[in-house]
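Pulled from TrEMBL, these are the features on record:
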- 11-67: domain 'Chitin-binding type-2' (DOMAIN)
- Cys85-Cys97: disulfide bond (DISULFID)
- Cys92-Cys110: disulfide bond (DISULFID)
- Cys104-Cys119: disulfide bond (DISULFID)
Amino acid sequence: IEPNLIACNHPKSCKLASRQVKGERDCAKYYWCPRQKVLEFRCSAGLWFDVDRQICDFKLKIDNCEKSHDASTPRPLLATEEPICPSGQLACADRKCINRDLFCDGQIDCADGSDESYCDPENDPNGPVRCNANNCTLPDCFCSTDGTIIPGHLKPEETPQMVILTFDDAVNNENWEIYQKIFASNRTNANGCPISTTFFLSHEYTNYRHVQKLWNDGHEIAVHSITHKQPELWWTFNATMEDWFDEFAGMANIVNRFAGIPLDELRGTRVPFLRVGWNTQFIMMKEFGFLYDSSMVAPRSDPPLWPFTLDYRIPHKCHGSRQRCPSRSFPGMWEMIMNPFDIEGHICAMVDSCPTHLSEDEIYAMFMDNFNRHYTTNRAPFGLYFHTIWFKEKQNFKILLRFIDDLIQNKDVFFVSNYQAIEWMRTPTPISQLNNFEPWKCKKDIEPNLIACNHPKSCKLASRQVKGERYLHTCFDCPDVYPWVKNEFGLEFK
């Protein structure tokens, strides 16, 4: 061997920087794992990923760059052969006793965090009991043991088959023509009134002149958040009570101010990515005055599930990867459960998440097969849930129109909004009496100043939050800055 390599006569300790090793790790990189796949993402330039909050944020706000993953927490000792704690208390995983009502309240009280680690509807020690139909009566409470019972115990042949179309995200010139064609005046239900739908609005790019027109035409407007921010799991695990109020109460106030829709008519919510926000979301909804949520996806069942109120434990498993359904009772609040599609064994909630390789006839057959699963059994409301990207394929638009036009020929099928469906469930009315059912009659008596937008405004506004300028289309006065969460304008909503 070369003599100068036999011995280390001049050792050196080299201190070197590295993005890959601890201390200089790549803090902008994060991973998302849907359906047992690992997908790698990066935050935008200048931002790092916050593992605790599950969002990208400015570097100065992040002090956990060295943390690589969420640590798991142990299970509390709620049921043991011999009692550990005195009456009214339960044991943490380390056997420390704390008051029972401190479990699953959103605040960590056990040193090991175990009091907040198993807080699903099945394990929350303070959760509601299963349905007690004797103590749950309409119009403000509805439940059944398995979720399949028709309200009012009507027979299926007496029950109208409700079809609920919903559309998520912004309403603007990209989809306005689609909505105008779908909801043409000649498409009417058996009572002679136009078919209606529910729009779950997110803020960015929404044209509030269009929103006002949709509401004036009898459609329901509901709330889908201001920012629709990513990553998806932020909504389930990291959004605080303040975040929920900012995003949903803030959006309701934006719609109220710029579309002129009264706050008491903004009744429903849907969380971005259908990421249910545990009890935190529903506490916000109760305090602000929302009536219903439509974010929970049911497991596929036959017969399908009817919507229910959250007085009692939900009648199904909390379905989906890392979902957190509410574990407490929220009396009088409705869950407009989303029964999924089943296509060749593939289960999908939103229509645009279903297989894309199908032909026109196969998509139509998928619609009809799933519709008949409702129509021929317990007639639970049949939902078709869309993002308008699905209509970029022209055949898809034709299929939906064909499906609607075929179904409205049936005198027992009605296209209604989520709120109209709730109104029917509150007062179950047989098909033979629906012509006199007030909540489904044609919309009248709109405030004169809201019928038309005589002085439309297009406001070009700067925004630090969206890093540029945005147009705000409204029939009302322009604000000074673009409406967003926690900016000068948004603070008016608190």
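Just so you know, glycine gets a Cβ as well, placed from its N, Cα and C.
These numbers come from a predicted model, not from an experiment.
If you take the CA of Cys97 (disulfide bond) and look 10 A around it, the disulfide-bonded residues you hit from Cys104, Cys110, Cys119 are Cys110. Other Cβ atoms within 10 Å of the Cβ of Cys85 (disulfide bond) number 17 in total over all chains. Each of the disulfide-bonded residues Cys97, Cys110 was scored by the other Cβ atoms within 10 Å of its Cβ; the lowest score goes to Cys97. Averaged across the domain 'Chitin-binding type-2' (11-67), pLDDT for the predicted model comes to 71. Around Cys92 (disulfide bond), taking its Cβ as the centre, 24 other Cβ atoms fall within 10 Å, counting all chains. Taking Cβ-Cβ distances under 8 Å and a sequence separation of 6 or more, the neighbours of Cys104 (disulfide bond) in its chain are Asp115, Glu116, Cys119, Asp124, Pro125, Asn126, Gly127, Asn279, Ser327, Arg328. Packing around Cys119 (disulfide bond) is summarised by its Cβ count: 23 other Cβ atoms lie within 10 angstroms of its Cβ, all protein chains included.
Cys85 (disulfide bond) sits 10 Å from Cys92 (disulfide bond), taking the CA atoms of both as reference points.
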